[in-house]
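Just below is one structure, and these are the notes that go with it.
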Amino acid sequence: MGKEKTHINIVVIGHVDSGKSTTTGHLIYKCGGIDKRTIEKFEKEAAEMGKGSFKYAWVLDKLKAERERGITIDISLWKFETTKYYITIIDAPGHRDFIKNMITGTSQADCAVLIVAAGVGEFEAGISKNGQTREHALLAYTLGVKQLIVGVNKMDSTEPAYSEKRYDEIVKEVSAYIKKIGYNPATVPFVPISGWHGDNMLEPSPNMPWFKGWKVERKEGNASGVSLLEALDTILPPTRPTDKPLRLPLQDVYKIGGIGTVPVGRVETGILRPGMVVTFAPVNITTEVKSVEMHHEALSEALPGDNVGFNVKNVSVKDIRRGNVCGDSKSDPPQEAAQFTSQVIILNHPGQISAGYSPVIDCHTAHIACKFAELKEKIDRRSGKKLEDNPKSLKSGDAAIVEMVPGKPMCVESFSQYPPLGRFAVRDMRQTVAVGVIKNVEKKSGGAGKVTKSAQKAQKAGK
């Protein structure tokens with residue numbers, strides 16, 4: 001078998017009709033985890049419904065519908081393989097909660113694939129002021145997705161078909177735009193494709209002999225290729241933050257007969273080991289970890305990305321809850337945040353937002369109302385330069401530095417230190433009205449918290 005391939009997470013972004021579903025469906029279909037039987041079933045259904053032309057998108061729609069109905073579908077359906085990687089599509093927009101998911105990120109994307117449509121008038125609609133192309137690309141960059149691939153899709157519907165001139169025009173415009181956001185176009189592969197016909201998806205297209213391939217230049221090494229699949233192979237694999245102190249936001253806490261209290265969550269940074277003395281914030285409880293397990297198997301250590309359950313001694317289910325954060329009591333233990341300074345971008349709010357606004361913030365697994373206590377400055381959302389001090393109010397499209405105060409005890413961190421605990425979505429009126437990254441956190445000096453007997457024992461034993 002050889003060594004298992006590295007796992008990479010991608011997020012697919014772009015305007016609503018750019019062909020994201022068809023392109024993604026095509027990759028999953030040709031390289032993915034969908035078995036022949038399922039594909040034949042989908043094809044038959046698509047044909048019966050007169051949707052033969054949508055078969056790739058249809059695959060994705062079926063998966064999406066199942067995902068939205070809450071049927072936990074086999075996640076392998078969202079995976080496909082390249083020569084180097086196992087790639088998981090962690091989200092595709094069009095999904096209602098796409099923006100929220102991207103931020104509270106069940107997992108952080110290693111790379112964003114931006115699909116733009118080359119068809120007459122389509123590209124213009126997508127990149128216009130109110131098109132989603134800009135918003136998605138800006139979001140991806142703000143939330144720390146620093147690698148980008150651009151697929152110029154629907155090359156079969158340019159005038160004339162497969163037009164080199166049209167492709168060059170789009171590359172020029174998208175390059176200028178992503179550069180404004182912060183991406184360096186020299187490091188971004190641009191690939192002309194047809195997600196429907198399959199041009200340049202997996203192998204070079206005979207329809208575009210003028211396309212000599214894409215090239216990227218970067219300090220980690222240059223790369224070149226022709227197809228979209230090859231471009232995915234140039235993604236730089238993430239370095240997992242094992243060297244940082246432990247941060248594990250709790251998703252749930254269970255009481256299991258004969259075992260006791262078992263918090264469950266995903267290790268975001270650092271390493272969790274049995275025997276470790278951990279502190280939970282903001283509740284300020286310190287105790288010993290008895291055992292750690294994943295998929296019902298005991299682990300000697302859990303690493304970033306692992307979803308684990310762990311058994312803690314002398315702590316009741318009433319003491320800790322979803323949204324609490326677990327960390328190593330001896331290495332930068334997590335603490336309650338008294339207040340924090342954030343850079344926020346207002347996405348869609350019908351009115352004006354002024355100081356005193358108290359929406360719900362979704363940050364890691366916490367879901368807590370926070371007050372915009374002070375609007376410190378309005379900034380240019382691309383360059384970050386200050387436009388105005390103490391603005392009276394903010395509206396859609398504005399970016400600002402805001403002082404925020406949690407309405408209930410909460411543990412968050414700065415984005416620079418612990419990215420997954422430093423980005424958040426602002427929810428109001430059942431939608432995401434803003435996104436933010438945390439610049440710095442003023443910690444509450446908690447005084448002495450509760451230290452359980454088992455923690456004292458473990459500390460005495462000098463663990």
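Just so it is clear, glycine is given a Cβ too, placed from its N, Cα and C backbone atoms.
As recorded in Swiss-Prot:
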type	residues	note
MOD_RES	Lys36	N6,N6-dimethyllysine
MOD_RES	Lys36	N6,N6,N6-trimethyllysine
MOD_RES	Lys55	N6,N6-dimethyllysine
MOD_RES	Lys55	N6,N6,N6-trimethyllysine
MOD_RES	Lys79	N6,N6,N6-trimethyllysine
MOD_RES	Ser163	phosphoserine
MOD_RES	Lys165	N6,N6,N6-trimethyllysine
MOD_RES	Lys165	N6-methyllysine
MOD_RES	Ser224	phosphoserine
MOD_RES	Thr239	phosphothreonine
MOD_RES	Glu374	5-glutamyl glycerylphosphorylethanolamine
MOD_RES	Lys439	N6-acetyllysine
REGION	70-74	region 'G2'
REGION	91-94	region 'G3'
REGION	153-156	region 'G4'
REGION	444-463	region 'Disordered'
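Helix, strand and coil residue tallies for the region 'G4' (153-156), in that order: 2 helix, 1 strand, 1 coil [DSSP]. For Glu374 (5-glutamyl glycerylphosphorylethanolamine), the spatially nearest entry among the modified residues Lys79, Ser163, Lys165, Ser224, Lys439 is Lys439, judged by CA separation. Note on the modified residues Ser163, Ser224, Thr239: the fewest other CB atoms within 10 A surround the CB of Thr239. In this structure, Lys165 is the one among the modified residues Lys79, Lys165, Lys439 with the smallest number of other Cβ atoms inside 10 Å of its Cβ. Nearest neighbour of Lys79 (N6,N6,N6-trimethyllysine) by Cα distance, taken over the modified residues Ser163, Lys165, Ser224, Thr239: Thr239. Closest to Lys439 (N6-acetyllysine) by Cα-Cα distance, out of the modified residues Lys165, Ser224, Thr239, is Thr239. Between the C-alpha atoms of Ser224 (phosphoserine) and Lys165 (N6,N6,N6-trimethyllysine), the distance comes to 21 Å. Confidence across the region 'G4' (153-156), taken as the mean pLDDT and rounded to a whole number, stands at 92. DSSP classifies Lys165 (N6,N6,N6-trimethyllysine) as helix under the three-state reduction. DSSP assigns Glu374 (5-glutamyl glycerylphosphorylethanolamine) to a strand.
Of all Cβ atoms in the protein chains displayed, 15 besides its own lie within 10 Å of the Cβ of Glu374 (5-glutamyl glycerylphosphorylethanolamine).
Annotated pair Thr239 (phosphothreonine) and Ser163 (phosphoserine), C-alpha to C-alpha distance, rounded: 39 Å.
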